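Take a look at the structure below.
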Amino acid sequence: MSTNLHWQSFGQGPDLVLLHGWGMNGAVWQQTVESLQADFCVHVVDLPGYGFSAEHHGEDLAQIAAMVLKDAPEKAVWLGWSLGGLVATHIALNAPQRVSKLITVASSPKFAAEKPWRGIQPNVLSAFTSQLLEDFSLTIERFMALQAMGSPSARKDVKQLKQAVLSRPQPNPESLLVGLNILADVDLRDALISLTMPMLRLYGRLDGLVPIKVATDLSQQLPHTQQFVFSQSSHAPFMTEHDEFCAQVRDFAQD
């Protein structure tokens, strides 16, 4: 069995790595790749346990990050969506020489709510965990619906996410469980202060998983970082407001 994760590279220019979220795979970036490959060499990986990397498995955030770094470009702009944002942030904190700039999309240094911090209610995460053990494809479908909820194009977004997921092998249930545990337990809030590279945080105003209050709180904690809020988007702004999303990434990653 190969120990290498599934990577694809498109276009030419500065290196840009895209990391997908929980339950998904690299196919979610297809439209983004098509728009950005004229300006960047875009690298897309299926995280351990997902898509064409389904036979691989990382036990925790540190191991997942190490597996991703193994075949990643020497130095790149890293963009992580949702759970992928935690992976990208972990890499930026622990291997800063590999990360020229960091972009997080609909992501949070701590996904679980814990007053006064806003986030996903722990009971929602534990419900997903118990559902996962019974029927993981239904659980992923529910998670997709939750991600798109609130967006004016919710139905279209869910359809697009679903097509992407179904176009590659099903995720490995063990890795799905690890991912939910990461979302429930990881807290990088205090660590963020030590980030050295430029950072852009992108949010959807209507996001039910990463409440917009997270953006405000982090702006105060990280005044040297940039942020942008997509007014019509929920958890997947790269689909809902695709052109504006690509413009934000382009402007930040190129300057």
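Just so it is clear, glycine is given a Cβ too, placed from its N, Cα and C backbone atoms.
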Listed by Swiss-Prot with TRP22, SER82, LEU83, PHE143, MET144, ALA145, LEU146, GLN147 as binding substrate, from among HIS235, HIS242, is HIS235
Name the one residue among SER82, ASP207, HIS235 whose Cα is closest in three-dimensional space to that of TRP22 (substrate binding site); these are the active-site residues. SER82
Candidate recorded positions SER82, LEU83, MET144, LEU146, HIS235, pick with smallest Cα gap to ASP207 (active site): HIS235
Within 10 angstroms of the C-beta of LEU83 (substrate binding site), the count of other C-beta atoms across all shown chains comes to 24
List the residues of the same chain that sit at least 6 positions away from MET144 (substrate binding site) in sequence and have their Cβ under 8 Å from its Cβ, in sequence order, or write 'none'. GLY23, VAL158, LEU161, LYS162, VAL165
Within 10 Å of each Cβ, count the other Cβ atoms, then let me know which of the binding-site residues TRP22, LEU146 comes out lowest. LEU146
Can you tell me how many other Cβ atoms are located within 10 Å of the Cβ belonging to SER82 (active site, nucleophile)? 27
